[in-house]
Structures are given as structure tokens and as C-alpha cells.
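Asker: Below is the structure I would like to discuss, written out as C-alpha cells.
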Amino acid sequence: MLPGRLCLVPLLLALGVGSGGGSGDGGDSRRRRLLAAKVNKHKPWIETSYHGVITENNDTVILDPTIVALDKDAPVPFAGEICAFKIHGQELPFEAVVLNKTSGEGRLRAKSPIDCELQKEYTFIIQAYDCGAGPQEAAWKKSHKAVVHIQVKDVNEFAPTFKEPAYKAIVTEGKIYDSILQVEAIDEDCSPQYSQICNYEIVTTDVPFAIDRNGNIRNTEKLSYDKQRQYEILVTAYDCGQKPAAQDTLVQVDVKPVCKPGWQDWTKRIEYQPGSGSMPLFPGIHLETCDGAVSSLQVTAELQTNYIGKGCDRETYSEKSLQKLCGASSGIIDLLPSPSAATNWTAGLLVDSSEMIFKFDGRQGAKIPDGIVPKNLTDQFTITMWMKHGPSPGVRAEKETILCNSDKTEMNRHHYALYVHNCRLVFLLRKDFDQADTFRPAEFHWKLDQICDKEWHYYVINVEFPVVTLYMDGATYEPYLVTNDWPIHPSHIAMQLTVGACWQGGEVAKPRFAQFFHGSLASLTIRPGKMESQKVISCLQACKEGLDINSLESLGRGIKYHFNPSQSILVMEGDDIGNINQALQKVSYINSRQFPTAGVRRLRLSSKVQCFGEDVCISIPDVDAYIMVLQAIEPQITLQGTERFWRPAAQFESARGVTLFPDIKIISTFAKTEASGDLRATGTAPKSAVLEEMLHNLDFCDILVLGGDLDPRQECLELNHSELHQRHLDATNSTAGYSIYGVGSMSRYEQVLHHLRYRNWHPTSLETRRFQIKCSELNGRYTSNEFNLEVSVLHEVRVSDTEHVNHLIVQPPFLQSVYHPETRSSIQRSSVVPSIATVVIIISVCMLVFVVAMGVYRVRIAHQHFIQETEAAKEAEMDWDDSALTITVNPMEKHEGPGHGEDETEGEEEEEAEEGMSSSSSGSDDSEEEEEEGMGRVRHGQSGTSSQRPERSTWNTAGVINIWK
């Protein structure tokens, strides 16, 4: 049938054309429609629905099923072909294209890359169109409408981001939380796979926190406010494609303390700069009571310094200097001095040299030499000491002797002793029969906890027999037990005074020490015939550091306070917490030493609370802090002055002698670092040290004699005692030197040193003496340089004619005495620089040699030449006789003016010259008379005479030359 129909098409077309040839265009179109209707009988056919997938950022759509349109008019040209696929919808990003008109195959594609985040899926209508009856798109037939559903496939292009840049939470210490807070992140991808957050993670390590997949953060252990008050952790997030967050978020967790009663806002370490005065310790402290019903409060601040020196920071001057500083009476005897040549009995003891603390280990004792302490202490005397002692070893401990005066041999009697027995301090004093013959008090016992507390305490025993009083740390204690005894029978046995043990001279095969002391002692002294006052005792044991209160008048009402004697403990009481807080903020630390001991001072604050009608009251923990005393600036003490000078021998022999240090200066400096330089050029400030002068005290200056001790038979060092006393200093003198001691300013020591003199009764055998000065502050803690002085003696030397080997240097007898007048200032300069005198002497001798050489040829010419020389130098007159000639060359001696007797001398010289030239046989008598007459006017030595005078003037001369070295 189909081939038959195709055969009819040309026929029908021919008929249509023939029949309608004359009716116009309307007839033609009607005929074409009729023809098409007969040829394009069927509509294209497609599936009713399509499902497709397109990948994000791509244009290819994968459809299921594929687009294929069928037309039953095929294979008729145009009518059986598919010409187009059309999509119905507004602004759809897709288009459908025909791949093959005959087969009807098509393809759906995107006009531009698809963004899933804008739209995840699309639904639209599509229809297929055949080609109709011809190429003019006439009579196209379209298929039914098919539904196309396209889903956009997502790409994981976005990373998770947190909703908040930072999170903050507050937790209470001591609790475990299921969730402290929740962090949340989002992802802008469109698919569930890439847009959902599948995991959270804590980036910060070693923190007591964990996080779950939902972002909930919890703590894994109990948090402590005291251990750490804030935590900062970083958290990241992952989407289900395991892409991490672009930026981590910060989570800050603050730990809030559980309300605990106690002191708040105080600093554990407190630094103290030396010289800063009184420094507040708790400027911001306050008490947290947690709403407790507190009725009253007692606060105790304790400065713990028992491990420093002798219990606290005290002046480290020598015991003699401290006694002098505190105004103690003279006559103190130091039983534990620093080891030296004069005090060698402490050389074998264990000692802490920095503080002069002697340690006794139960095996040591020291014998005090005879004569150090008088045998009769009288009824009044004082014993002082620093002692540190612990519990006695053993159940029945034996006596531990501190000081003992016992028989040296034969017997074992104790005349007086101070010892510790079972933590009791006992003082024994046995009178002799010649002092008393009745039953008298002999042993005095004190029972104090401080004796065995292993801490330093200052003990003073004042004896005014029969009353004995103990002062410990400034407080007075009466003996709890006094036992009586008979006086000691008189004997001629010598006594032995010991420290650290008692000497057992009798009742044993060999005398030995016994009853050894275990502990530490310092500043053990005894003062016979005098009791010490309470003021001096307080001064000697006073601490230079302690607690203080700034502005006592500003303390709140109802505040009571109390200091212990050393100001190391302060107790404050009150019923108002606010007033207590203000009062405690005014508590300060002060150290009055210019050079305090550096180191730690522990500080404890304890509290006692009473509450209103409460069975259980709050408990306030102690505050443990410490004060760090920084190192003080160390001074550099420098001695300056003349290091060498010369003095005439007569001055050494005079009553006042020679002043050794007339211009000495004592200067103390310290190095101060300052920033300098060009900051713009270097970027940093270089530091330079600048010396600045500082003022402080000295405690001794030693003047040592170098090159051998002084010979007391012919030399000594002298110093007026008034110079010392008016400056509150003392001194000791020996053949080894002079020692000035006492706490005083550097200017006081300068003034005293300016008056120190050296005398020598026989300086003829002395050429030089050398001395050395060395000064100290704080008992040798800071010492000066060693200043050396050399003193030389200017001697008068006599030279006779027999000592001249070369007779050309002997002055001829016709030369008169020559003077070299100089002023006093020249003499003073020459005393310092003796080389000037030597130069003048050499020049004078050369002149004389020249004159003698000329005189050999012609006496007249020599005489005239000498006159010219003497006129030029304004010298003295000459004599022509053969008698002895005196020549004095002393450029350092003060002479009369150059014009004295000048005219008269010149006239006489001319007359004598004429007489000598006219007749050589005029006799020696006249010449001798003239010479004696001239020498009577100018004479500095003794002249001798010649028994015979040769024709050509043979000279025999005896001369004296005074030379100051």
C-alpha cells in the first residue's frame, strides 16, 4: 500500500496545480494543506518522562532513557523526520538538540555550567517536532508533552565554616560537665554528603577537654582555679567528604573558683630593693568570707628570718664596733674573736667566716690564755652571747659547757660556769672563802623553750651578786630555781678559762676537756666590774629588718595591733572585715641596712575567725609568700694621696715627728649603667658604666709597717687620743702598725689619718720607711685598695779631702765660697724632687773643673774669669790664701738675698787680686789675715791651714759639702 500511495503523490500534486491554477494564492495554500494532511498523517512519539543527572559546573546531562523521537510517517521525507525538540519553561538553562533527523535521536545539554548551590534539580516539559510537509516548516506536527526531571550532582567545593569566630564559656572548678558548650559549623555545598558536618576535633593538645561529633565540648577531669584559671583551645570541623574547616575556631574556657574563704589578690614573690625604705607587702589584699557570718578576725603576720645570720639581718660589724656603736661601756673582753696572731685560741675552731659564727660539734674546746680575763670579776659583771642550740642528745644528757673557769691542775673545782643541761640554762658562780664565808646562792636555773629550738637568740646575763638576771632577745627572765652552796676553800691552784668545754685538771689520769657543747656561738663577751643597761642590750640584739605599718594614724577604728620586740611578728585584731583589709594593706617590710644581706625572707599570714552563733565557722588558709631582698650595690673604696715624699732628718727627730698622710682621701664609688649612643643609627642603646660617689661608714683602718716591725727604742707611730675620742673612734698601737676601729663616716677616718705621725729618734741609720693602709666596711665585707706610702730621710753627708781621688775636682784655695740663693718655694719643691739638687751640684763641679784648668796656665786670667763667673751668678767672695777653703752647695737651703754684702765683697776681691799679683813674697800672714777676715763674713764650714806654700801655688784643701738627698 505504501508504494502505491507514494505513486499517487505526483498525481495529486498535478491535479491540484491544474485545477487551482486560476484561483490565486488562497487556493494554493489550501491545496498544500490538503496535500500535507494526506502525506504527514502521524505525530512524533517520545517517552512520557525522562530522568537526568548533570554534574555541577558541567553542561552534559545524562538522561534515562535517552531522547529518541519516532514518527510513523517515516520514511516519507520531512513528514517522517524529526526536526526539533522544544523545551517549555521560562529561563531554563537547558536546550535540546537533534542529533539525527531520520532516527529521531536527540541530546539534552546545559546552556552554561550549573551551580548546585543555586538550584539542586529542574523539571520541565519537552516535545518533539517532525519536519512537516517540506522544508518551509509547514504543517509540523509535535509530539505529546514529556516531563523531564533533572537532578544536579554536587561537587565538594566548599569547606566547613563555624558560625562564630570564637566561643567562650565559664565553668566552676571541681566539676565534671557533660557539655560545657556546643560549637557549630556549616557547609555551603548543596548535597547532604558535602553539606553536612560529620566530625569535630580539638586541635590543641594536652588539654583536659573532649568534643563529640555534634560539637559538644566537655571536660575530662576536674578543673582547678589555683592550677589554671583559663584555657584556650582550637577546634576544627570536617564535612562528610572529610574536608576540614578553612579556619579553626577559638574556644575560651574560664575556670571560676568555688567560693573558698581566704585572702585574695596577694603576690607570692615580693622584691625589695636595698635602700627603698618601707615597702607595702599586701597593697591589694582582701578577705573573701563567702558570706560567712564573721564576728571578729585576728591576723598574724610573721617574718621568718631565723635562717639568716643570727636570726635576722643585723649589722655585721665586729663585736667591739657594735659595742661602741650601741654606747656600751668600755672594758669588754671578746672571748671568741677572729683568729689572729694576738688572738690565736680560736684558730682551731670551726667558723663561718662571713658572720664569725663558731660551731661546736661536741669534740672541740678552746683555752683562753692567762691574763685575758681578770681572776676577780667583782660582784658586778656581764656575759653576752649569741647561741643556737637544739635538743640535747640522749635521755640523760650531760652538761654542755659554754663558758667554764675551773682548776688547771690537781682538782676539778668549777669557780664559775655557764652551761646547758636538759634544755635549761644554768649559771654557776662559786665565791671564795676570802670573799664570803656563808651559805650563798651559787646556781641559777632558767627553763625556756627557746634554749633548744634550734634558733638564734641573744642572751645577756647581768650579775649583781647575789642577784642574777637573764635577758633573752631583750626580754627579762628571772631564774626559776636558785640553789645555794658554800664558798670554795682557798688554794694556790691556777685556774683555766675555757669556751665550748670545761677543763678537767684533776681526778683524771691526764687533764682533758669534758662536758662539750653542741651548737653555735657568736659574740661571746665578758665585761668585769660593770653591768649593761637595758638600752644597750636592746641595741646589741636589734634587728635591722622587720615588719612595719605605714601611717598608724590612718588605721581603721577598732583595730588593735601588737609587735614583738624584734618586729618580726605583727598581730592585728578587729571585728570589721573592711577595716582589717585596709589595715593589712598598710603592713610593710623595712630593712634599714645600707648593704642588707641578699636572699629570701619567708612571710606567713595566718588568721583566726569567730562567727556569730555558728557551730562551724569558716576556715581561712594561711598565706605563704616570700620577700626577695636583692643584691645591694657593692661599693669600691679607694684610698688616694701622696705615695712618696722626703723629709729632713731633723723633722723625724722633732717632738711632733712627720705627718704621714696629710692629704689622704677616702672615696667610695659604684658603677652605674647608663644607656647612651644614637638610637636612630644603631637601633639599640649601648650601655656605659658611670662611676658615682656614695657615702657610707667604715669600721676600721689598719696602718701596717712594711719591711720589718717598728723598733720601740727609736721609732713609733703616734696619734692624739683626743682626735679619736671626739670622733667616737678607738685605736690600738703595736710594733706592727696602728689599727683605728669604730663605726664612723669616711670623713671621720680621713681626719684621724691626717693626724697620724711617725717619729724616729735616730734617723741617721734610716733611709726609707714604708707603710700601708687598708680600710674596711662591715668587718671586711668591703675593703679598700692597699695604699702604700714610702717616706725617705734627707741626710747631711760630710766629704773630706782625703776622699777625692781626682784632685782636679777639689776647689783651689783661692776660690771663695759660692752661694746659690733660692726661695722657700724652691726648697719645698726640691724636697719632693731631689734630682734638681743633683743637677745643680754636677753643674757647679763642672764649673770648678773648668776654672781650675784655666788657673794652671795663668792665675791672673783664671782669677779674672772666675770674677766674671761669680758676677754673672752673683756668687760670694774669694780669698787668695793657702788656708783651707769652705764650699757649700745646698740648693734647698734658704739664703739671704743676692745683694747682701755684694759691693763690699767685690771691692775686697779687687784689692786682694792686685796685692797677690804685685808680689808673691809678701808673706802668708797678710793673706791669711785677709782670708780670715773674708771668711768671717761668709762661712759655712771649718778651714784648715797649709804649712808650706809652693812657688806655683800647690793647693792643700779640706772642704765640707752639705748635700741634701
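Backbone N, Cα and C atoms are what each Cβ position is placed from, and that goes for glycine too.
Annotation source Swiss-Prot lists domain 'Cadherin 1' at 46-162. Per Swiss-Prot, N-linked glycosylation site is recorded for Asn58, Asn100, Asn344, Asn376, Asn720, Asn733, and the stated evidence type is sequence analysis. If you look up Swiss-Prot, you'll see 892-902 marked as compositional bias 'Basic and acidic residues'. The compositional bias 'Polar residues' annotation in Swiss-Prot covers 942-959.
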Asker: Tell me which residues of the chain lie with their Cβ under 8 angstroms from that of Asn720 (N-linked glycosylation site), as long as they are six or more apart in sequence?
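Answerer: Set apart from Asn720 (N-linked glycosylation site) by at least 6 residues yet with Cβ under 8 Å, we have His755.
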Asker: List only the single closest residue to Asn733 (N-linked glycosylation site), chosen from the glycosylation sites Asn58, Asn100, Asn344, Asn376 by CA-CA distance.
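Answerer: In terms of Cα distance, Asn733 (N-linked glycosylation site) lies closest to Asn344.
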Asker: Count the residues of the domain 'Cadherin 1' (46-162) that DSSP assigns to helix (H, G, I), to strand (E, B) and to coil, and report the three numbers in that order.
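Answerer: DSSP composition of the domain 'Cadherin 1' (46-162): 0 helix, 55 strand, 62 coil.
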Asker: Between Asn100 (N-linked glycosylation site) and Asn58 (N-linked glycosylation site), what is the CA-CA distance rounded to a whole number of Å?
Answerer: 24
Asker: If we count other C-beta atoms within 10 Å, could you say which of the glycosylation sites Asn58, Asn100, Asn733 has the fewest?
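Answerer: Among the glycosylation sites Asn58, Asn100, Asn733, the lowest count of other Cβ atoms within 10 Å belongs to Asn100.
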Asker: According to DSSP, which of helix, strand or coil covers Asn376 (N-linked glycosylation site)?
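Answerer: In three-state terms, Asn376 (N-linked glycosylation site) counts as coil.
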Asker: Taking all residues of the domain 'Cadherin 1' (46-162) together, what is their mean pLDDT?
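Answerer: In the predicted model, the domain 'Cadherin 1' (46-162) has a mean pLDDT of 86.
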Asker: Run through the Cβ atoms and count how many others sit within 10 Å of the one on Asn344 (N-linked glycosylation site).
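Answerer: Looking across every protein chain shown, the total is 12.
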Asker: Validating a neighbour-count step here. Other CB atoms within 10 A of the CB of Asn376 (N-linked glycosylation site): how many?
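Answerer: If we count other Cβ atoms within 10 Å of Asn376 (N-linked glycosylation site), we arrive at 11.
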Asker: If you measure Asn58 (N-linked glycosylation site) to Asn376 (N-linked glycosylation site) at Cα, how many Å is it?
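Answerer: Here the two Cα atoms are 123 Å apart.
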Asker: Which state, by DSSP, holds Asn344 (N-linked glycosylation site): helix, strand or coil?
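Answerer: Reduced to three states, the DSSP call for Asn344 (N-linked glycosylation site) is coil.
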Asker: Cα-Cα, whole number of Å: Asn344 (N-linked glycosylation site) versus Asn376 (N-linked glycosylation site)?
Answerer: 24
